[in-house]
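A.B. asks: Straight out of TrEMBL:
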{"type": "TRANSMEM", "residues": "7-26", "note": "transmembrane segment"}
{"type": "TRANSMEM", "residues": "38-56", "note": "transmembrane segment"}
{"type": "TRANSMEM", "residues": "77-99", "note": "transmembrane segment"}
{"type": "TRANSMEM", "residues": "105-127", "note": "transmembrane segment"}
{"type": "TRANSMEM", "residues": "139-156", "note": "transmembrane segment"}
{"type": "TRANSMEM", "residues": "162-181", "note": "transmembrane segment"}
{"type": "TRANSMEM", "residues": "193-219", "note": "transmembrane segment"}
{"type": "TRANSMEM", "residues": "255-270", "note": "transmembrane segment"}
Amino acid sequence: MRPALSILIYTNSWVALCVTSLVYGIGSYFQLDHLELFALWSFTGTVSAYQLHRLFRLRQLNHSVRSNRRLLWMQNTYSFQITWFILNFLICLVCLFYIPLNKEVGVLIGLNALIVALYALPVPLIGNGIRNIPFAKNGLISLSWILIVFIPFASIKQLDLIPWEIPVLLFIAVFAQIIPFDSRDIPHDRKLLFTIPQIIGVQKAKYVGFGLLIIALLLQTNLLGFHWLLPFTLFCGAVGHLISFKVGYQLRLEFMWELPLGLMGLWFVVA
């Protein structure tokens with residue numbers, strides 16, 4: 001099981017599947033066209049963005065590779081990591097030729113590309129992109145996910161179809177699910193990064209993250225009505241947020257940290 005989880009998580013395929021679940025799920029709820037194309041574009045684009053970030057981090061943190069399982073795994077599979085990035089990036093570009101493009105789509109893709117570039121690439125004035133801007137990282141990553149979900153609607157100039165609950169619950173849910181990663185990264189993050197765990201401590205941050213997830217799920221329930229996925233998603237969220245981080249269980253916990261987002265997308269499919 002561990003090798004499979006390593007591939008799924010360390011290649012950024014799992015986070016990409018969760019993004020794709022939301023894109024496809026919300027799009028199917030509103031019966032949009034070309035969802036398979038947008039799903040493929042979302043998956044390959046997300047993998048490309050996260051791979052780009054990880055590859056730059058691997059170069060920057062080369063001195064600490066031996067103490068970081070993800071970086072060590074990436075270093076040992078470096079040729080594959082480069083190939084995986086190039087493959088997904090090329091497929092993402094090909095998808096762009098088939099996506100219905102207009103001004104709205106161009107603006108959303110441009111904004112998202114700017115966020116990705118700032119997050120993944122070293123910027124002289126702010127170091128490693130938006131990771132080093134206090135309070136900005138979680139908000140901009142959440143915004144990036146929202147922009148990706150909006151693109152299928154923008155392609156048919158129907159952004160007005162989206163009820164206010166969707167961007168709000170997406171922002172809250174993604175923000176909440178980043179908090180466990182912030183807790184994990186406390187030993188590596190700058191002290192003035194001002195992540196939630198740095199401000200209030202890891203223990204309190206667990207409950208803040210889980211509380212935010214509950215709020216997001218209540219908004220989704222208000223929009224879609226009750227479904228059996230609600231208690232299951234709550235259970236998975238509780239496991240991810242409230243269980244203490246242990247190095248030996250890192251892969252399983254990272255899987256659980258992002259699982260609620262994938263389940264929320266599935267909820268839109270079956271609603």
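Each Cβ is built from the backbone N, Cα and C atoms, and glycine gets one as well.
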A.B. asks: Between the stretches 38-56, 77-99, 139-156, 162-181, 193-219, which one has more Cβ pairs under 8 Å with the transmembrane segment (255-270) than any other?
C.D. replies: 162-181
A.B. asks: Cβ pairs under 8 Å only, please: of the recorded stretches 38-56, 139-156, 193-219, which one is richest in them relative to the transmembrane segment (162-181)?
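C.D. replies: Most Cβ pairs under 8 Å with the transmembrane segment (162-181) come from 193-219.
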A.B. asks: Taking a Cβ cut-off under 8 Å, which residues six or more beyond the ends of the transmembrane segment (77-99) line up next to it in the same chain?
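C.D. replies: Here the qualifying positions are 11, 34, 37-38, 40-41, 43-45, 47-48, 51-52, 54-55, 58, 105, 151, 155.
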A.B. asks: Could you give the residue numbers and ranges of same-chain residues that sit at least 6 residues beyond the transmembrane segment (38-56) on either side and whose C-beta is under 8 angstroms from one of its C-beta atoms?
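C.D. replies: Contacts of the transmembrane segment (38-56) (Cβ under 8 Å, skipping residues fewer than 6 from its ends): 11-13, 15-17, 19-20, 23-24, 27, 32, 70, 74, 81-82, 84-85, 88-89, 91-92, 95-96, 99, 116, 119-122, 128, 148, 151-152, 155.
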A.B. asks: Counting only residues 6 or more past its boundaries, what in the same chain has a CB within less than 8 Å of a CB in the transmembrane segment (193-219)?
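C.D. replies: Tertiary neighbours of the transmembrane segment (193-219) are 131-132, 134-135, 137-138, 165, 168-170, 172-173, 175-177, 179-180, 182-183, 185-186, 230, 233-234, 237-238, 241-242, 245, 260, 264.
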